[in-house]
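Trainee: If you scroll down you'll find the structure; I have some questions about it.
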């Protein structure tokens, strides 16, 4: 029997939170400023909302289209960082963002509705856009918690508050509450172990990236995963128009590389 997506998301946060208990003993949590806790709450809230919308998008949309839409996260992240962190891009950063937006045209133009306002009426695209907005703003709040503490402490709070808010979102539905006990079987635990390792490593390295560079630039670098999304969509789901999508993705990656190398 398969697992409900939101349940998988909560269990991943939950297992990460358990693993963080012992490392957390080395931190004087009472010494952390009030601002850290405020932004940690926002990280958990925006992360849970973003993941909720992402799950809904993936249930109804093409992976090779939904993946490249994520490129706009760097744009939203830059705008949010300008307001909340005072991080402003240089001329190369602005040009890189333009390339990312331009490349997304070739990817989204492969849908039946083509690249138009009609495309935005697709529920999967709308869900993905909301997920992207929440995730981009969450990234800025994560950077705030890092500035108040450290990448490691920020990671621990990300796990704990992520588990709290994703639990609220997940167990709101009776179906999730009923199936939760069925998740703890040997076959699924092996998959959860791999998932926890991958997501934990991804978020921890992301925190260190945020510590070293502006949020918008770091989010742009992550768009290198666009090529992977298109490849997986073709390999496992037989999605079409791969050449055009790949061309658009390469343009988007070029914009990301410009932001990173010429920052």
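All positions are counted from 1 along the displayed chain.
Glycine is no exception: its Cβ is also placed from the backbone N, Cα and C atoms.
Annotations for this protein, taken from TrEMBL, read as follows:
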type: DOMAIN; residues: 5-108; note: domain 'EamA'
type: DOMAIN; residues: 129-260; note: domain 'EamA'
type: TRANSMEM; residues: 7-25; note: transmembrane segment
type: TRANSMEM; residues: 37-58; note: transmembrane segment
type: TRANSMEM; residues: 65-85; note: transmembrane segment
type: TRANSMEM; residues: 91-108; note: transmembrane segment
type: TRANSMEM; residues: 129-149; note: transmembrane segment
type: TRANSMEM; residues: 155-172; note: transmembrane segment
type: TRANSMEM; residues: 192-210; note: transmembrane segment
type: TRANSMEM; residues: 216-234; note: transmembrane segment
type: TRANSMEM; residues: 246-262; note: transmembrane segment
Trainee: Counting only residues 6 or more past its boundaries, what in the same chain has a CB within less than 8 Å of a CB in the transmembrane segment (192-210)?
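Mentor: Cβ under 8 Å, 6 or more out: 8, 11-12, 15-16, 19, 139, 142-143, 146, 151-152, 154-155, 158-159, 183, 218, 221-222.
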Trainee: From the DSSP assignment alone, can you count helix, strand and coil residues within the domain 'EamA' (129-260)?
Mentor: 119 helix, 0 strand, 13 coil
Trainee: Can you count helix, strand and coil residues in the domain 'EamA' (5-108) using DSSP?
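Mentor: Breakdown, helix to coil: 87 helix, 0 strand, 17 coil.
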